[in-house]
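Engineer: Heads up, here are the entries from TrEMBL:
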ACT_SITE  ASP61  active site, for OMPdecase activity
ACT_SITE  LYS63  active site, proton donor
ACT_SITE  LYS63  active site, for OMPdecase activity
ACT_SITE  ASP66  active site, for OMPdecase activity
BINDING   ASP13, LYS35, 61-70, THR123, ARG184, GLN193, 213-214  substrate binding site
DOMAIN    7-229  domain 'Orotidine 5'-phosphate decarboxylase'
Amino acid sequence: MTTRRTRLIAALDTRDPAEATRWANAVSSHVDAIKLGLEFAYAAGFETVTKVAQGRDLFLDLKLHDIPNTVGAAVGSLNRLSPAMLTIHASGGSAMVAAARQACDDSFPEGKRPLLLAVTVLTSLDDAALAETGVPGGARAQVLRLAELALRNGADGLVCSAHELTALRKEFGERPVFVTPGIRPRGADAGDQKRIMTPTEARQAGADWIVVGRPITKAADPAAAAAAIAAELIAP
Ligand SMILES: O=C(O)c1cc(=O)[nH]c(=O)n1[C@@H]1O[C@H](COP(=O)(O)O)[C@@H](O)[C@H]1O
């Protein structure tokens with residue numbers, strides 16, 4: 001049993017800066033960070049990312065995946081956005097993860113280095129969909145394999161589903177940061193997510209952070225939805 005506090009990240013997936021700002025203002029007092037990612041950055045631009053994030057911890061989710069030189073340079077270019085967390089794909093390989101880590105160390109001021117998170121197996125993939133990509137053996141084995149690669153090469157933590165947390169904690173202990181999307185309150189629509197768990201289950205399995213998007217942003221009252229999820233994260 002651990003005394004870890006599981007924190008909540010709201011994924012603000014929209015193309016519209018006004019909507020993102022409205023959601024950020026509504027949920028801010030209930031969440032620990034906001035996530036802006038590919039949809040928002042491509043549509044609204046990076047300077048707008050900074051505007052929406054102002055005064056909040058920013059999880060900048062760009063899921064970088066390219067050759068080491070390109071990923072390192074891209075990570076270095078993101079320092080002006082002062083993210084608290086950044087994502088790369090662990091499947092880019094050891095050298096790519098190491099290049100991202102080096103860029104974090106070299107390009108961000110002391111004390112402002114973002115947490116470098118390696119995405120393992122997307123929560124939208126089940127074992128069959130993963131096998132289609134040439135990876136037999138199931139999501140859990142692949143997450144453990146990529147976790148080892150990423151943590152050995154300088155990632156601070158992983159993005160995975162809550163289903164893998166017990167195995168990951170057993171293998172890698174308490175130090176790495178584990179961030180779990182694919183979170184659905186009981187009865188909520190899974191949408192395109194496959195490896196899902198409830199906020200309570202993710203907390204009990206050992207998540208440091210959970211990421212929740214549509215169950216908050218598509219709710220009639222996003223602030224109330226975020227508050228209800230945050231309440232689930234307070235251990236009884
Ligand atoms: O890196 C991520 O945040 C991520 C990884 C992953 O495996 N699965 C996943 O859903 N995400 C992100 O987490 C968010 C989940 O959104 P909802 O499915 O709407 O709760 C989205 O912004 C995804 O881009």
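Cβ from N, Cα, C; glycine included.
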Engineer: Do any of the recorded positions ASP13, ASP66, PRO68, THR123 touch ligand 1, in the sense that the CB is under 6 Å from one of its atoms?
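Structural biologist: If the test is a Cβ under 6 Å from any atom of ligand 1, the answer is ASP13, THR123.
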Engineer: Validating a neighbour-count step here. Other CB atoms within 10 A of the CB of ASP61 (active site, for OMPdecase activity): how many?
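Structural biologist: Its Cβ has 26 other Cβ atoms within 10 Å.
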Engineer: Would you find the one among the recorded positions ASP13, ASP66 whose Cβ has the most company, meaning other Cβ atoms within 10 Å?
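Structural biologist: When each Cβ's neighbours within 10 Å are tallied, ASP13 tops the list.
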Engineer: For the C-alpha pair, I'd like the distance in angstrom between GLY213 (substrate binding site) and ASP61 (active site, for OMPdecase activity), rounded off.
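Structural biologist: If we compare the Cα positions of GLY213 (substrate binding site) and ASP61 (active site, for OMPdecase activity), the gap is 13 Å.
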Engineer: Measuring Cα to Cα, how many Å separate PRO68 (substrate binding site) from ASP61 (active site, for OMPdecase activity)?
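Structural biologist: About 18 Å separate the Cα atoms of these two residues.
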Engineer: Between THR123 (substrate binding site) and the residue listed as 'active site, proton donor', how far is it from one CA atom to the other, in Å?
Structural biologist: 13
Engineer: Across the whole of the domain 'Orotidine 5'-phosphate decarboxylase' (7-229), what does the mean pLDDT come to? Round it, please.
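Structural biologist: The answer is 98, the mean pLDDT of the model over that range.
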Engineer: Look up ASP13 (substrate binding site) in the DSSP assignment and report helix, strand or coil.
Structural biologist: coil
Engineer: For LEU62 (substrate binding site), list the number of other Cβ atoms lying within 10 Å of its Cβ atom.
Structural biologist: 19
Engineer: Sequence gap of 6 or more, C-beta under 8 Å: which same-chain residues meet both conditions with respect to the residue listed as 'active site, proton donor'?
Structural biologist: GLY37, LEU38, THR87, ILE88, HIS89, VAL119
Engineer: Under a three-state reading of DSSP, tell me whether LEU62 (substrate binding site) is helix, strand or coil.
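Structural biologist: Note: LEU62 (substrate binding site) is in a strand by DSSP.
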Engineer: Take the C-alpha atoms of ASP66 (active site, for OMPdecase activity) and ASP13 (substrate binding site) and report the distance between them in angstrom, rounded.
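Structural biologist: So the Cα of ASP13 (substrate binding site) lies 23 Å away from that of ASP66 (active site, for OMPdecase activity).
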Engineer: Write down the Cα-Cα distance for ASP13 (substrate binding site) and ASP61 (active site, for OMPdecase activity), rounded and given in Å.
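Structural biologist: With the alpha carbons as reference points, the distance is 11 Å.
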